[in-house]
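Q: If you scroll down you'll find the structure; I have some questions about it.
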Amino acid sequence: MLKLTDITWLYHHLPMRFSLTVERGEQVAILGPSGAGKSTLLNLIAGFLTPASGSLTIDSVDHTTTPPSRRPVSMLFQENNLFSHLTVAQNIGLGLNPGLKLNAAQQEKMHAIARQMGIDNLMARLPGELSGGQRQRVALARCLVREQPILLLDEPFSALDPALRQEMLTLVSTSCQQQKMTLLMVSHSVEDAARIATRSVVVADGRIAWQGKTDELLSGKASASALLGITG
């Protein structure tokens, strides 16, 4: 479904190079030390960075140089990127039509996603009137309403308290299963990864150092466990 073949990004003339295959509907965690290249990997998939070499295909279609706006990918960051002067409904609606001219079917889709996120009673509010968790629900709704086959998460819930973070992770996992979306999530927490991703990828020094079952990492038996400070 998603295939990266020697995708290379030159960082201060030091190449970061990734090869990775992810199947449709998989939920994969991307782990590793700070500065290892996790966010770079996601930005290459999303199209925010243009690789120096290599190829990237989605459903066997070459998207190596496709601009972000035309790539079949949605991405959610720690900074939710909501527009402060637009209502919740308008922020979500941007995912359907940048001009916010929604037809009846699009209006219904927007409200259905809002109900799924538990924010249907907040549609007339501005982002500044919401809690941090509510703002991330709005940002997630905007991603989901686009119905792209791939969802990328770059630690969007790291600023939330532990209980709320787990609630959001469960919501993401369930939503991806319902929409049959492929999920790649950058995280610093193996415990968070284990909640929604049976498979993990460990990035170190701009390379994929290990990939396999998340449970193996948690047990401390995987070769990459030590990179994450886990001992058996």
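Any Cβ shown, glycine's included, is placed from N, Cα and C.
Got these off Swiss-Prot a minute ago, pasting:
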- 2-230: domain 'ABC transporter' (DOMAIN)
- Gly32, Pro33, Ser34, Gly35, Ala36, Gly37, Lys38, Ser39: ATP binding site (BINDING)
Q: Starting from the ATP site formed by Gly32, Pro33, Ser34, Gly35, Ala36, Gly37, Lys38, Ser39, give every other residue of that chain whose CB sits within 8 Å of the mean position of their CB atoms, in sequence order.
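A: Going along the sequence, the neighbours come out as Thr40, Val203, Ala204.
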Q: So which of the binding-site residues is most packed in, judged by how many other Cβ atoms lie within 10 Å of its Cβ, out of Gly32, Pro33, Gly35, Gly37?
A: Gly32
Q: Within a 10 Å radius of its Cβ, which of these binding-site residues (Ser34, Ser39) has the fewest neighbouring Cβ atoms?
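A: Each of the binding-site residues Ser34, Ser39 was scored; lowest Cβ tally within 10 Å is Ser34.
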Q: Including all protein chains shown, what's the count of other C-beta atoms within 10 A of the C-beta of Ala36 (ATP binding site)?
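A: Neighbour count, Cβ to Cβ under the 10 Å cut-off: 21.
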Q: Residues with Cβ closer than 8 Å to the Cβ of Lys38 (ATP binding site), same chain and 6+ apart in sequence?
A: Ile30, Leu31, Gly32, Val186, Val203
Q: Over the span of the domain 'ABC transporter' (2-230), how high is the average pLDDT in this prediction?
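A: Looking only at the domain 'ABC transporter' (2-230), pLDDT averages out to 92.
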